[in-house]
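Copied over from TrEMBL, here are the features:
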TRANSMEM  28-50  transmembrane segment
DOMAIN    43-294  domain 'G-protein coupled receptors family 1 profile'
TRANSMEM  62-84  transmembrane segment
TRANSMEM  104-122  transmembrane segment
TRANSMEM  134-156  transmembrane segment
TRANSMEM  207-228  transmembrane segment
TRANSMEM  240-261  transmembrane segment
TRANSMEM  273-293  transmembrane segment
């Protein structure tokens, strides 16, 4: 049964519809969403515990992996519990302050994740192409500086999105056709002209995703060039398998996110649930897969798990 659109919603309260057009399937959709969230919690918490408990894992790659795990936990937790609340109990109401807080966390931490993915690709490039200088290049101070730079960039680029909504008058009915407080979906409630906010949102998202994915592709391209020159076929196969899996999970983060943004703005003729599902999946699938792709497949992580057990 579809949700009715409240016409008396206060501007201090918004209503999230979940996945518009698929409300009758919310209970079924909640199953994979809940499973992915549980995997995210279990996988990333396990990684953090292993890295903290094993001194041999206090190396640059695993420090970046710890940053990624924390970001994934925050990003998933900021949206999934409310989504499941909508799917299971039809609790669509969310205060404007809570909505803005959710929006801030989602967009800021997704930008941080993009920066950390670039850092991890650079880490792998140094490890493969300059192994003898690895620890001299990626010192703890450099790792901390890279993490801080990712945070500051995310704050500078994404904070205006929330401030724009905060200072924009919103009109009733205060219904957001989305499963979380995505910036462009909430901006549709604006009473005035929101063109500049829309342009800023698309421009920043395009810049961050395009620039970072280009750097990641360049890093892995240089890695593959070195890998293909290896004399051992088994080593080449293992390295290519590792790089391809990491590139696939990276693509799952960038491609659906960009598609959802452009579909929201330019393809109004498509069913709205397509854009919403893409926006949901790019925030749910990578956090669930990252511990498996970047962590569990690493021999040092597996060995660390066995040592703790």
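Every residue, even glycine, has its Cβ placed from backbone N, Cα and C.
Quick caveat, the model's predicted, so the values are computed rather than measured.
Touching of the transmembrane segment (134-156) and the transmembrane segment (207-228) is ruled out by the presence of fewer than three CB pairs under 8 A, sequence neighbours closer than 6 excluded. Between the transmembrane segment (240-261) and the transmembrane segment (104-122), three or more CB pairs separated by 6 or more residues in sequence fall under 8 Å, so the two stretches touch.
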